[in-house]
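According to Swiss-Prot, the protein carries these features:
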BINDING   ASP137, GLY138  Mn(2+) 1 binding site
BINDING   ASP137, ASP299, ASP338  Mn(2+) 2 binding site
COMPBIAS  403-420  compositional bias 'Basic and acidic residues'
DOMAIN    101-347  domain 'PPM-type phosphatase'
REGION    353-420  region 'Disordered'
Amino acid sequence: MVCSSFIRSFIVQAGCRIGVLAQGRHQFIHIKKTLSVGFGFRTSVIGFRTTSGIGFRTSAKMMVDTSAGEKRISLVDMPPEKVDDGGYIGGGWKNDDGSLSCGYCSFRGKRSTMEDFYDIKASTIEGQAVCMFGIFDGHGGSRAAEYLKEHLFNNLMKHPQFLTDTKLALNETYKQTDVAFLESEKDTYRDDGSTASAAVLVGNHLYVANVGDSRTIVSKAGKAIALSDDHKPNRSDERKRIESAGGVIMWAGTWRVGGVLAMSRAFGNRMLKQFVVAEPEIQDLEIDHEAELLVLASDGLWDVVPNEDAVALAQSEEEPEAAARKLTDTAFSRGSADNITCIVVKFRHDKTESPKIETNAMAESEPELNPTTELEPESNPSTALETESIPKAELESEPDAIPDPKPETEPETKGEKAGE
């Protein structure tokens, strides 16, 4: 850690002296001009009620379009954090009709510092309900992750096409916020970086934008489906992209960009910015009656808890905040050496569309059922959980992916933060 920190410090100081951010400053000026354009929205605040012991304070944050004189966004912020005796930060809320509920838990774990941040926001924009959930896992310091918590979703809602073209808005906001962060740090010798895994729900349509190795999964009809793909340097497509830009992938305990950073995309990391971009990969889906829950988490969870286990654990608790706490405790008990932060979002769907089955009709059909097919789920409940995500081992075994030359060293580096 001392060696890598020294290398980063040396590189950052050299980069600051030669003025590598001239282009970034020019882009930032353009961003400021873009974000200063006003748009008037008719808005109302979504009401929430608390579902845990934490008291919730809601405040409306108004952003005013001075050219039109209308209120643009009325935003309900998350309440102040509350820490219990064990050092856990957590709580939860649900909307008025109970169709959506959310719980979160954040824990420093075995690390001496906390570099994980999260953000949860909800609002109504032009009559459209919007909810945003984000996990930001910092490396090399906490400044980048904290900056994303403070600015990413606010910047997103200011984008003129947030509602009409949400994918475009997410893509541009991620890249613009990255440039803005680098500009804000231009006079420092720090080289902080961060992941960002964000789930944005616009009405019933979900968008997941990911940069880095935090992850978002959804449970649909009992299946654990990954909605993001970890950005690792030895991912074949990422390796080709980095090498095409003139970068190198080196082994230093794990595969790293330039021998320094153990992820291929991130916010910040100015001296690797040519290779380590903040352009998100975005997936979207409709939240229908099969969608049961979302889990967003930092790699402190995913290092030791597979997608299928995460869904099973989250489903085992009725309240999402209890599910988030259970996931965090499980990761810690399984040996996670990292900060652990997760958000669980649960959906409740009305079942009115299901036909009512008469008792005598069920009795007549029972002899035709195969009893073995009914007993299978009870004999092994875990078989009901399937996954459509790509296993990490499968990714690394692709023909053009970089093989692990020292697999025996992996247990020693598990939980190690990227770039340290």
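Placement of Cβ uses the backbone N, Cα and C atoms for every residue, glycine included.
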In three-state DSSP terms, the structure that ASP299 (Mn(2+) 2 binding site) belongs to: helix
For GLY138 (Mn(2+) 1 binding site), the number of other Cβ atoms found within 10 Å of its own Cβ: 30
Mean of the pLDDT scores, which run from 0 to 100, over the domain 'PPM-type phosphatase' (101-347): 97
For ASP338 (Mn(2+) 2 binding site), the number of other Cβ atoms found within 10 Å of its own Cβ: 26
For ASP137 (Mn(2+) 1 binding site), nearby residues of its own chain (Cβ under 8 Å, 6 or more apart in sequence): GLU115, ASP116, ALA145, SER194, THR195, GLY212, ASP213, SER214, SER298, ASP299, GLY300, ASN339, THR341
GLY138 (Mn(2+) 1 binding site) - helix vs strand vs coil (DSSP): strand
